[in-house]
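These features come from Swiss-Prot:
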type	residues	note
REGION	1-190	region 'Enoyl-CoA hydratase'
SITE	E118	site 'Important for catalytic activity'
SITE	E140	site 'Important for catalytic activity'
REGION	306-714	region '3-hydroxyacyl-CoA dehydrogenase'
Amino acid sequence: MEMASAFTLNVRLDNIAIITIDVPGEKMNTLKAEFASQVRAIIKQLRENKELRGVVFVSAKPDNFIAGADINMIGNCKTAQEAEVLARQGQQLMAEIHALPVPVIAAIHGACLGGGLELALACHGRVCTDDAKTVLGLPEVQLGLLPGSGGTQRLPRLIGVSTALEMILTGKQLRAKQALKLGLVDDVVPQSILLEAAVELAKQDRPSSRPLPVRERILAGPLGRALLFKMVGKKTEHKTQGNYPATERILEVVETGLAQGTSSGYDAEARAFGELAMTPQSQALRNIFFASTEVKKDSGSDAPPAPLNSVGILGGGLMGGGIAYVTACKAGLSVRIKDINPQGINHALKYSWDQLEGKVRRRHLKASERDKQLALISGTTDYCGFAHRDLIIEAVFENLELKQQMVAEVEQNCATHTIFASNTSSLPIGDIAAHAARPEQVIGLHFFSPVEKMPLVEIIPHASTSAQTIATTVKLAKKQGKTPIVVRDKAGFYVNRILAPYINEAIRMLTEGERIEHIDAALVKFGFPVGPIQLLDEVGIDTGTKIIPVLEAAYGERFSAPANVVSSILNDDRKGRKNGRGFYLYGQKGRKSKKQVDPAIYPLIGAQGQGRLSAPQVAERCVMLMLNEAVRCLDEQVIRSVRDGDIGAVFGIGFPPFLGGPFRYIDSLGAGEVVAIMQRLATQYGSRFTPCERLVEMSKRGESFWKTTATDLQ
């Protein structure tokens, strides 16, 4: 049976051809290799039509033009040569579109990303809608790749090399007005007239490329180009720590095209695409992409979720304010905040105002839309307005009696169907639900700070939580724009449990004489966004260390922090960034560059600050403990799968994405190698490094956690 075409041709009476893109059975248009023959058949018809005046590409999907190429195509390639051929085929198809003798216009509404933008760049002109859903970008670098269908060559010539490099190196997505300002699109119009605006443009002569700004013209010349690539190369190396080969190849390919011409540039692009597709970094990043896509489809349980129309939040602090913001402004739900102090409510409301006002200032949001979103949030000092809330999120202090009291009050003041979700980071959910009249409607919903930025949430059912409560809470998390993983109700849950030994070991090395900046730099070089000491300062030393005694009580001395170190620091009124002094000293609020190590820390904790370990040795000690604990969590069914374990670590604590998560990383090293390293460290530093039983067994059997396919589990 012949596959339905994703591209259909309709020639209007005014001799403008409309090519409609609609991949059958898919929500998103993605480009597949097999579509090339469909497009070529249409191009042949267009060339044979001597009356033709112009061509418009438009999508039939309600919220995307083309979201990119189908990533599975790359996974199907076994060699760099096969992936290179894939890129050359894409380049050739784009060249054939560009070579049409009449004006070709892309009418863009919604996501126009990756191969979608490369198709739009191959057109002679572009019109897009002013809708918030419309974004344009080349995000391939986030998968360890570069644009392989001409994007590295066409974009710099259209908008200038420095602007193009910023887009390609970061995967930055532009909104419609930004795209217009940079010359990436020729016009921005309301969605209702998109097609007609594109048709009008197609009836004119081919849009002439707008002259580049003087700065971009200078930077495209030999002297300016040399200076630009040197500067951008340095900046990129500092940002990636050499862990992402794609950025280096992007610079090389763009420079080749500018210095030696487009033919050499296209050759370099296809070759680099093929080689990058085979790198372990790209494979790991693509695996994370597939895993996160799967998690987003996972409903958490077999039961259908209950309706969600309105949410209540207990506590207007930093977490409560952040949760209110994502619930109202991302999920679009009515939110009622209760705090015993009116100032708490004001703080929470201001939090959302600040976030939205920032978007208005950056012209990402209209003032009217800001006001509409803010109107969803209200506050109270009692339970007025809580009677019919579907779900209540508790974000009060980490105190068991207080949280149990909140459960009792919610059951007394809310409907019988209302779910109680606790944002605890350390207290067992079963204990919080111990005196509940409806324990099946009590669950944990653990957000990470800052709430609006951190993509992960942990959903923690206790033994009596119903399947519907799980499904409803997962549904809410997704509406809030979060990636949820369901974890077991054990001390520390998953993320904090694997993070604690990592941070403990960093502090232990500090007491042994390693310098703060050396420890942090070693883990940043390894691939974490910030080092463990800085992370503790950012979270708050008081907050971040509160969980250590809980974990120590549950799991024993392997979670013990170095004696008296934390208490010495807290007794010296050091809380981290929030009070201006922790392991680092901080300058004026908001000036992150003013951070510097406080030398007074060393005598305070009785350390010399004269290190002996290399950066890889420092990283090895911290990371191995994290890996060992992650495997224990899998063994104890704290996490449901290695997929959830990898996603939780990457999205929850910034485990290096290019390594694919703790379980992918163990597989890449081999369980045998991990066990050997841990046994060596146990001999050197103590029993906390003893590899867990499952790792030892896997080592003996030569097993791995993941099968070789992208999404199957062992």
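Each residue, glycine too, has its Cβ placed from N, Cα and C.
If you measure from the Cα atom of E118 (site 'Important for catalytic activity') to that of E140 (site 'Important for catalytic activity'), you get 11 Å.
Sequence-distant contacts of E140 (site 'Important for catalytic activity'), defined by Cβ-Cβ distance under 8 angstroms and a gap of at least six in the same chain, are G114, L146, P147, G148, G151, I168, G171, A246.
A helical conformation is recorded for E118 (site 'Important for catalytic activity') in the three-state DSSP classification. Taken together, the residues of the region '3-hydroxyacyl-CoA dehydrogenase' (306-714) have an average pLDDT of 93.
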